[in-house]
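Q: Feature table excerpt (TrEMBL):
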- Asp59: active site, for OMPdecase activity (ACT_SITE)
- Lys61: active site, proton donor (ACT_SITE)
- Lys61: active site, for OMPdecase activity (ACT_SITE)
- Asp64: active site, for OMPdecase activity (ACT_SITE)
- Asp9, Lys32, 59-68, Thr123, Arg185, Gln194, 214-215: substrate binding site (BINDING)
- 3-230: domain 'Orotidine 5'-phosphate decarboxylase' (DOMAIN)
Amino acid sequence: MNNIFIALDFENETLAWEFLNQFPEDVRPAVKIGMELFYREGPAFVEAVKAAGFTVFLDLKLYDIPNTVGHAVRNLARLDIDYLTIHTAGGVEMMQAAVAGAAEGAQSVGVQAPKLLGITQLTSFSEATMQATQLVEASMAESVTHLAKLADEAGLAGTISSAFESQMIHDATRAGFLSITPGIRLAGDAIGDQSRVVTPGRAHEMGADGIVVGRSITQAADPVAAYQQVVAEFTQGA
Ligand SMILES: O=c1ccn([C@@H]2O[C@H](COP(=O)(O)O)[C@@H](O)[C@H]2O)c(=O)[nH]1
């Protein structure tokens, strides 16, 4: 399934490959490579995962001035990745620089530009924590919808939020704008540091176009079975 991303939150590539090698060759889940693994193993690991046939979502959550983000995205797009995250909080100009950088970098090596996804409000934030941290009175719904509209205006492919906001994002953006949602747990699994959490089936019902699942799969006694359960629940609804 290309819209169910397993978060490869492992310390190094040996552990990541041990995990991936449990999947039969005809099952190639989409994978999300985040800061932990990228900062250790770098672009070579991304290229190896892509070469092994996996859809690659690079989750680096870029956030800087427009010139810096645009040039960073231009380099990352040369890796032939499928998705890349940037922060919507960097503003429209920063996001537009990222869109331009993605097109330039991909074109320079003859690959497809990655779909850019804007981080809205992290799924680890509750409404109260967000308001206190950012010194705002806006509700979670208002904030996420506002940031999704900015991302849409800047030309991003979609946003990252919790599934609680998926429907309002769809209502506020153009048709086809993606709502991809982490903060997913199989029933009974520990929530840990997440706040806005739903099951795969509920995420589907709430309008998520795709989900990111880490520990409910990677920490499961049988990760392949857990992945299959996630796929079944997300495909069929709760
Ligand atoms: O708002 C966000 C943005 C990104 N993430 C990332 O998704 C996974 C979730 O892992 P779990 O183990 O399923 O909690 C992780 O890589 C985060 O960096 C997010 O959780 N929330």
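Glycine residues also receive a Cβ, built from the backbone N, Cα and C atoms like all the rest.
Those TrEMBL annotations? Automatic predictions, nothing curated.
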Q: List, in residue order, those recorded positions out of Asp9, Leu60, Lys61, Gly214 with a Cβ under 6 Å from any atom belonging to ligand 1.
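A: Near the molecule: Asp9, Gly214.
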Q: Determine the Cβ neighbour count for Asp64 (active site, for OMPdecase activity): the number of other Cβ atoms within 10 Å of its Cβ.
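A: For Asp64 (active site, for OMPdecase activity), the 10 Å Cβ neighbour count is 15.
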Q: Work out how many Å separate Asp59 (active site, for OMPdecase activity) and Gly214 (substrate binding site) at their Cα atoms, rounded off.
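A: Answer for this pair: 13 Å between alpha carbons.
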Q: With every protein chain in view, what's the tally of Cβ atoms within 10 Å of the Cβ of Thr123 (substrate binding site), excluding that atom itself?
A: 24
Q: Excluding near sequence neighbours, so keeping only residues 6 or more apart in the same chain, what lies with its CB under 8 A of Tyr63 (substrate binding site)?
A: Val69, Ile86, His87, Ala89, Gly90, Met94
Q: Give me the long-range Cβ neighbours of Asp9 (substrate binding site): same chain, 6+ apart, Cβ under 8 Å, in sequence order.
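A: The list for Asp9 (substrate binding site) reads Gly34, Glu36, Leu37, Gly214, Arg215, Thr218, given in order along the sequence.
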